[in-house]
Each structure stands twice: as structure tokens, then as C-alpha cells.
Amino acid sequence: MESYAAFSTAFSSFTITSLHFQSRPTSFSTPFKPAFFPILHAPPPLISTPHRLSVLTQLTKPCKPFKTLSSSKDNIITEPSKYRLQGAKIVPLVLSISTGLIINFVIPKPDELTGQAWQLLSIFVSTISGLVLSPLPVGAWAFLGLTTTILTKTLTFSEAFSAFANEVIWLIVISFFFARGFVKTGLGDRIATYFVKWLGKSTLGLSYGLTLSETLIAPAMPSTTARAGGIFLPIIRSLSLSAGSMPNDPSAKKLGSYLVQSQFQCAGNSSALFLTAAAQNLLCLQLAEELGVVVGDPWVEWFKAASLPALVSLLAGPYILYILYPPEVTDTPGAPAMAAKKLHLMGPVTSNEWLMIGTMLLAVSLWVFGDIIGISSVLTAMIALSILLLSGVLEWEDCLNENSAWDTLAWFAVLVGMASQLTNLGIVTWMAKYVVVFLTSFSLSWPAAFGVLQATYFLIHYMFASQTGHVGALYPAFLAMHLAAGVPGVLSALALAYNTNLFGALTHYSSGQAAVYFGSKFLLKVAKWAH
């Protein structure tokens, strides 16, 4: 059992995370009392002029070290650095472009398709290949794909940019701003700390406390990545460091590895439980509507269908992981008291937090009942954001600084626009027909075909580093395959959407939250164990 003092810094008013300071453990003569002190870097000492340049050259990259060409230390000349290729990575670039060229010029065009459809498919496949191989950042590569569609006259300018007016894409963008509000006001941190106070006497209790708090926050904070990086990872890191569980170190298995892995896995279940817990959920339903599958009263129907498997998974997940990958520290008696201390230091709920609570309650209520009074999901999000801006909870500068939101708008709109045009040009229906013929050759009933298609959709995510990218690329095609195989439409649409959330925890690169949690360096050992 870890001592009470092991958690003395976990919930102090000066909680430190790696996002703010670099830190390291200190050694003590008493081995069972690990401690953690933030190392605040003081300003660099003054350096005498003869040595100043030589020191700076050690800190400057990609320049080579300076070489002295004379006996004088002041006469220092830099050696020219060798030319380095900038821009796209050559091998991924060639491979990504080659896939499209092979489809367009080598593979014969089927008679059922027009030349425009086949050319768009080649550009789309090349774009998807680039998203997987990353010759350029995602947004830059998507822009090149968009430019190609216009340059080759495959799409008109208005067709190419049509998805930038897509309601769900703007809902995704606004969800990033909501997430910033939770972090900026400290409301998310306060909620999670309450659950640590109530359930944190043991490591398993800590895990359940964090899991339940994420489930509570999820429907009003539609970004799993923001919940991970803005709320839960800082808390987990503080708890772990205070218990002597260090990142990128064998001691990570004491506490940090288990808490991070548990929270990482539960995030997919909480995102699948509520329609508004992840922005890609609404995108799935919109893409389903384009294929004629309409889910009536979507928020309620989504929750009813997801509630049993999601709640069972949320309750069983931490315990199963506790058995499969047990933490070395099992008791944390000091955590509840330290959580109470942190809440005391935080003081009463601020006016901005109350405004955030009220705005999110309004948003969730309108997401649930808005269809009855004619208010769409995206309009609800716009109303809520307007309230936060008018009240000063968020400033417009906060929105402008949310770079990931604008990047998502750019590349995701391109991807969704291409996918929609592929559907309009008959590509999706053509692909689905041939897949169904293949499945029928094995005499599969629709339940068997359902299982095969769902498993394929799930496992193919090993090739993707984005849940939303996977949806835009493959959701329409797989839903069309389900429908052609005779699988009920609503079952197909919802099951694919639920799997979109679950495969976010499949690998260390499978989603934005995966990058956040694995970037903490607590899961390096876990990743090796999992493979």
C-alpha cells in the first residue's frame, strides 16, 4: 500500500503536467518514499562573448557544429550545411500518386461507370493512400487532392467545395470550441476530481472514477481527443508521478500504464454511448441518410441501441484490464483526501463554470428534443457557441487558436465531398454489387454477411490514423454492401457507427486520443505487450 504522502502532490494547487514543465523524480535514501518535484528552468546564465557562439551552435539545428579555422576563438566560421530535400516525403509521395495512376490508366474502366466516375475514384484512392502514408500533413495532402479534381475537370469548383457547407462538418469544428470551454473554465477538471474523491481509495476505484466522469462529460463535449488531452491525461499524470510511476520507465507499470490504458479503452465506449459524444457519430447518420437509411429520433434511438453493450463495457472494462494487466500499486488511500484538498483550493464553482454548465445542459436538451421544434444539431451547437462568446466564457481568439478545428474543416470537407460525389456517380453502388456477389458465392445468410462486413470494416482500420477519415472513406461503401446483402438498414448504419468509435482504441495511431495517451510515454511497455 502506498503511503498517504505518495499522493501529496497529486491534487495540489500547483499540479504540474508535462505540458507545462519538464520534471524528474528525486532520489531519497528511503526507497519507499518516492517524490516528485517540478524542476523550473531558470534563465540561462550569462555567457562570455568568446564562448557564446560556440554554445549557441550546440543548440541550433540543422546546422553542423562550427569549426575554428584560425587560432583566434573569436574568428569562428560556419561550415555550409548540406542540401536537404524539403516538402513532401518522396517514397510516400510516389506510392500515393502511383495508386491513383494505376487505377486510372492501367486498370480497365468498367462499362457500368462513366469516365468521370472512374477518374474521381482514382483521385480518391490516391488521396486515401496519402492519408495513410503521409507524404504531407493531412490537410495539405487533401488540398492537393481537391486541386487535382478541379485541374483535371473531374469536378467543378462548386462541386469540389460543396462539402464545406456540410452541417455535420461544422458541428465537428464547433465541438472543438466546446472542448476548449471545458478546459478553459476548469469544469472538466472539477468533475473528474469529484469522482476521484468519491471512488479513489484504490487503483481500481480511481479507474472507475475517471471512467464514470468521462461518461458524464461525453455528451456535452463531443471530442474524445480533447477530453483525453485537456482533462484526463493531466490528472492521470499527476497521480502516477506522485506514486513514483514514471513515464518511459519500468516504474510506469506501478500505476500510470494501467490508468492510461483503462481510460484509453473506455473512451471508445463512452463515445459510442451518446450520439453527441463524438462528432463522427452524426456524420455517420448523415451519410446513412444519403443512402436512404433514416434513423427517427436519432439521439434517443442511438442511446437505446447503444446503452446495453456500452454500459456493460464501461463497467467491465476497467476490471478486465485490471486482471489482464494489473498495476503494481493497488491501494491509493491518500487520493480522496488530496482530491478534496484540490477542490477546496479550487474554491466554489465560478460564474464561468455555471455558464458552461447551463449552456451545455441547453445544448444536450436541444440535441435530444430539437427535432420536435425544428432546431437541428448544428444550429444547437451554433446557439451554444454564441452564448459562450456573448458571456465571455470563450473569446473569438480562443476559437482562432484552435488550429486542429480549422485543419479538420479543411481536410475532412475534402474527403467527405469526394465520398459524396462517388455516391452520386454510382461508384459506391457498383462496388457494393460486386462485393455482394462475392459473398453470395459462399451462400452466406444476411446475419453471416453482416458479421463478415462488420469485422472487415473494423480490422481495416489498421490502415487508418483517423476515425473521421475512415468514416469519410469507407462508411458509405460498407453501408451499401450491407444493404445489398439484405441486412436491415438501421442495424447496419448504427453498428458501423458504433464500430467507428470502438476501433479508435485499436492501435497507438488509430485516433486522436490514441496519439494523446501513447504520447504520455506510460504505454510503451503496454504497446510491446499488446503486440
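From the backbone N, Cα and C atoms, a Cβ is placed for every residue, glycine too.
As written in TrEMBL, here are the features:
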type: TRANSMEM; residues: 90-108; note: transmembrane segment
type: TRANSMEM; residues: 120-144; note: transmembrane segment
type: TRANSMEM; residues: 164-183; note: transmembrane segment
type: TRANSMEM; residues: 306-325; note: transmembrane segment
type: TRANSMEM; residues: 354-370; note: transmembrane segment
type: TRANSMEM; residues: 377-396; note: transmembrane segment
type: TRANSMEM; residues: 408-427; note: transmembrane segment
type: TRANSMEM; residues: 434-460; note: transmembrane segment
type: TRANSMEM; residues: 472-498; note: transmembrane segment
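For the transmembrane segment (472-498), the partner stretch with the highest count of Cβ pairs under 8 angstroms, out of 120-144, 408-427, 434-460, is 434-460.
Between the transmembrane segment (408-427) and the transmembrane segment (306-325) there are fewer than 3 Cβ pairs closer than 8 Å, counting only pairs 6 or more residues apart in sequence, which means the two stretches are not in contact. Distant neighbours of the transmembrane segment (306-325): 203-204, 207-208, 211-212, 215, 257-258, 261-262, 265-266, 269-270, 272-274, 494, 498, 526, 529; these residues of the same chain sit at least 6 beyond its ends, with a Cβ under 8 Å from one of its Cβ atoms. Relative to the transmembrane segment (377-396), the listed stretch 164-183 leads the set 90-108, 120-144, 164-183, 434-460 in CB pairs under 8 A.
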